[in-house]
Protein chains: 2
Amino acid sequence: MAVQKITLFTDQPLRLVFGGQLDNIDVVYQTYGTLNREKNNAILLCHALTGDAEPYSDEPNRAGWWQQFMGHNLAFDTSKYFFICSNVLGGCKGTTGPASINPHTGKPFGSQFPAVTVQDIVRVQKALINYLGIEHLHAVIGGSFGGMQATQWAIDYPDFMDNVINLCSSLTFSAEAIGFNHVMRQAIINDPNFNGGDYYEGEPPEKGLAIARMLGMLTYRTDIQLAKAFGRATKAETNYWGDYFQVESYLSYQGQKFLDRFDANSYLHLLRALDLYDPALGFDNLKNALERIKARYTLIAVTNDQLFKINDLHKSKTALEQAGVKLQYYEFASDYGHDAFLVDYDAFEAKILSGIESSIGQEK
Amino acid sequence: MAVQKITLFTDQPLRLVFGGQLDNIDVVYQTYGTLNREKNNAILLCHALTGDAEPYSDEPNRAGWWQQFMGHNLAFDTSKYFFICSNVLGGCKGTTGPASINPHTGKPFGSQFPAVTVQDIVRVQKALINYLGIEHLHAVIGGSFGGMQATQWAIDYPDFMDNVINLCSSLTFSAEAIGFNHVMRQAIINDPNFNGGDYYEGEPPEKGLAIARMLGMLTYRTDIQLAKAFGRATKAETNYWGDYFQVESYLSYQGQKFLDRFDANSYLHLLRALDLYDPALGFDNLKNALERIKARYTLIAVTNDQLFKINDLHKSKTALEQAGVKLQYYEFASDYGHDAFLVDYDAFEAKILSGIESSIGQEK
């Protein structure tokens, strides 16, 4: 189905957790499969940092970010479930974000775009689900940054879903991961074109954004995968200070390709939302927040994930267990590291299915 | 003893492995302890990427980079051995590098400084050792980039030393590690002040260099150490796009501090020397190169080193064994990751001592 756009928060603005508000929020979304008569087969898919509302595409030569996971008899079975996916608040793929026109000024928000949190993103998703007339979700599912959204759904709307699946994501981002985000942010902010975020009338901070993306890519994969793919091979025509090795050429290509599809301000905002995400926000402590969860919660960890390290996944597992959450936990190694949840279908299929299927008819 | 400077290659230039040549090379070095009458107690210490000729300082309020490793009855026993340490070719701590005045133009080399390799660095060190009248080294020892130098010494001058100790370094740099270096380099090159490397008459590319250093720091430590030191603590006065979390403040501080002591061009050159290092250079294959080694070779690996990953250390171990090198191998975990060889003295003491002591009187 084609991408659709609606405008929400037209009557009342969304008051943001970190201050400020937004109204007339555009939300771009896509659906797959058919909502059944009982309206109990809807599943919300939450995208990761640089994803969009299109996990699957049936156009030729075009693929969504979960293309190989979705379809008849696959982990996300479109003949059985009705899937909804929307671009996040603060993004740049159709939903209101820093590059959008501020309806109150007629100019792009740029530096004036307010800080958004996972909690705000989830409130916009909930408004979309309300708009679609869906009163209960069979599951909320996401990987990485999407896993944080899924967790927050279970805390904020505990009666609204049967299942939550969180892939490759811990409850909070680690000091090390915040450090990588800090380096990426400073690369963008220090780009001579950044202009405090108000670059929409001039050149965008492309070099800074490409550098940030290259660093991101390194945290998404593993040394083993890069060794297999590139090793120490050099390019036929090498450039001593540029792309001398194949792995450099690959990273440079990824950095350049990213410029076509992502806005630097959106990247900054969503990186910060990753850092800041804390399920305990607004609660006395983490346990109080997690105790609200009624859904079955499936947590799937990759032991050699270099962004969400396994130590943090273990801490998350313990915290969920201590809060009495009905937890299903899996862990396994994948050469793809953090990106496994996007590319290593075989490793995830059965685990996702067990997270989606296990509770049908049991939990309500 | 105070830092000393000499000028080498005054008669004949040093022809560099990747092309070009350098003459009248200044070399800064420092010695510790006393050379015995037999001149058989000399140990060469090779510094890591951003090190210098001063592993130890006896001035108050000043510490060398191996301060806690050196002294009477310590791993590097200054009452027993005569230690020599020099700043590497291409560095910026006194030995000729890109910021030095080119004697042929009277201006800083800048962009005209030629590519230097570990092989070139070792040839300059050998010229220093010759100058000092030392005909045999008891050991050559280095960590990280210094470990690569120690390895090359054993290949190029196999009869010249009894022992080699390589701490936290594999025989070659991995694709992933080259990737991190690529990101660091591009951060410097894209700094608006870089000017192709000829920035000595203007402002240096400080922001780019600070970003590079921050990323380097992340690869030198581990998620566990950063979680213990900073966790998710925020600053009392936070800056949403700057230092919001303590770990960001720490990284920013490290980035700034680095500007006082390092030149961006030197950093670029030495990063590239790390990438390019290949013991097989000039030989038919790696085995042929390693078969030249006659010294006892001690390789000490940290299993959770995030720069030199344990998989690569295992490959190095196998390659050394297959070439018939007399190998002593140790591995252990340290929260400090790659930086362990600079800070985790207790973990290294006995292993270094076994690498230095085991062969006294046996190998010659």
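The backbone N, Cα and C atoms fix where each Cβ goes, and this holds for glycine too.
Database features, via TrEMBL:
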ACT_SITE  A:Ser144  active site, nucleophile
ACT_SITE  A:Asp305  active site
ACT_SITE  A:His338  active site
BINDING   A:Arg213, A:Asp339  substrate binding site
DOMAIN    A:41-344  domain 'AB hydrolase-1'
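Shown on the structure are the features that TrEMBL records.
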residue  : record                   : contacts (Cβ under 8 Å, 6+ apart)
A:Ser144 : active site, nucleophile : A:Ala48, A:Leu49, A:Leu167, A:Cys168, A:Ser169, A:Leu307, A:Phe308, A:His338, A:Phe341
A:Arg213 : substrate binding site   : A:Gln254, A:Gly255, A:Phe258, A:Phe262
A:Asp305 : active site              : A:Cys168, A:Leu313, A:Gly337, A:His338, A:Ala340
A:Asp339 : substrate binding site   : A:Tyr220, A:Arg221
- If you count the other CB atoms within 10 A of the CB of A:His338 (active site), including all protein chains displayed, you should get 25
- Predicted model, mean pLDDT over the domain 'AB hydrolase-1' (A:41-344): 97
